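Participant: Before I ask anything, let me first share the structure, which is written out below as structure tokens.
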Amino acid sequence: MARIVVLISGSGSNLQALIDAQKQGQLGEDAHIVSVISSSKKAYGLTRAADNNIPTKVCSLYPYTKGIAKEDKAARAKARSQFENDLAKLVLEEKPDVIICAGWLLILGSTFLSQLQSVPILNLHPALPGCFDGTTHAIEMAWRKCQDENKPLTAGCMVHYVIEEVDKGEPLVVKKLEIIPGEETLEQYEQRVHDAEHIAIVEATYKVLQQLHK
């Protein structure tokens, strides 16, 4: 069985795409989501997982940094490292073949990545390679750039391998979308991106699992 661990922070719409794909055999015959780990106990994605009998865990950064002043960078870095170490332990307990960051909003640093070197980690980013790296506002930034420059813009989303440099890992699946000035609202473009993300995350998961089993 191919074991998938999914990391989330919010509504879990991309998690739902993976759950639906698993039911339809689109991730591979033996692929199963064995755990969903959320950085927020309020994430609706936890409900989605529970509704589909997928075990869940919560690993929030807040308890680690609570009470530490933002100016105390050394203490915050130490707390962050402890958080990543504990997160890595939770993930490793599941013996994953692949880890999918599906709307996971926290940067995975060296403490986490060094313990998961043998496991491919994928991240969904709502922009093309080299565009709007390291921001959670990539969709709005692309749409506004198109409107401000008043000319068509090719944007989209990608699924890439996670490395220490944020959003700089090798792209696995890229979906391009054309934005035309004045043709759609930000909300309409955002929906197009999300629709493309749901396809991309399934394709990327299937692709990496097929490569692992060659």
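Using the three backbone atoms N, Cα and C, a Cβ is placed for every residue, glycine included.
I grabbed these lines from Swiss-Prot:
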- G12, S13, N14, E197: N(1)-(5-phospho-beta-D-ribosyl)glycinamide binding site (BINDING)
- L105, L106, I107, L108, N123, D167: (6R)-10-formyltetrahydrofolate binding site (BINDING)
- H125: active site, proton donor (ACT_SITE)
- D167: site 'Raises pKa of active site His' (SITE)
Participant: Between the Cα atoms of S13 (N(1)-(5-phospho-beta-D-ribosyl)glycinamide binding site) and the residue listed as 'active site, proton donor', what distance do you get, rounded to the nearest Å?
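Facilitator: Each residue's Cα considered, S13 (N(1)-(5-phospho-beta-D-ribosyl)glycinamide binding site) and the residue listed as 'active site, proton donor' end up 14 Å apart.
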Participant: Sorted by position, what residues of the same chain at least six away from L108 ((6R)-10-formyltetrahydrofolate binding site) have a C-beta under 8 A from it?
Facilitator: E84, C101, I121, V162
Participant: Nearest to E197 (N(1)-(5-phospho-beta-D-ribosyl)glycinamide binding site) by Cα, among L106, I107, N123, H125 (recorded positions)?
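Facilitator: Going through L106, I107, N123, H125 one by one, the closest to E197 (N(1)-(5-phospho-beta-D-ribosyl)glycinamide binding site) is H125.
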Participant: What Cα-Cα separation, expressed in whole Å, is found between H125 (active site, proton donor) and D167 ((6R)-10-formyltetrahydrofolate binding site)?
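Facilitator: If we compare the Cα positions of H125 (active site, proton donor) and D167 ((6R)-10-formyltetrahydrofolate binding site), the gap is 7 Å.
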Participant: Restricting to the same chain and to sequence separations of six or more, state which residues have a Cβ under 8 Å from that of I107 ((6R)-10-formyltetrahydrofolate binding site).
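Facilitator: The answer is V166.
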Participant: Do you know offhand how many angstrom separate N123 ((6R)-10-formyltetrahydrofolate binding site) and N14 (N(1)-(5-phospho-beta-D-ribosyl)glycinamide binding site) by C-alpha?
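Facilitator: A Cα-Cα distance of 11 Å.
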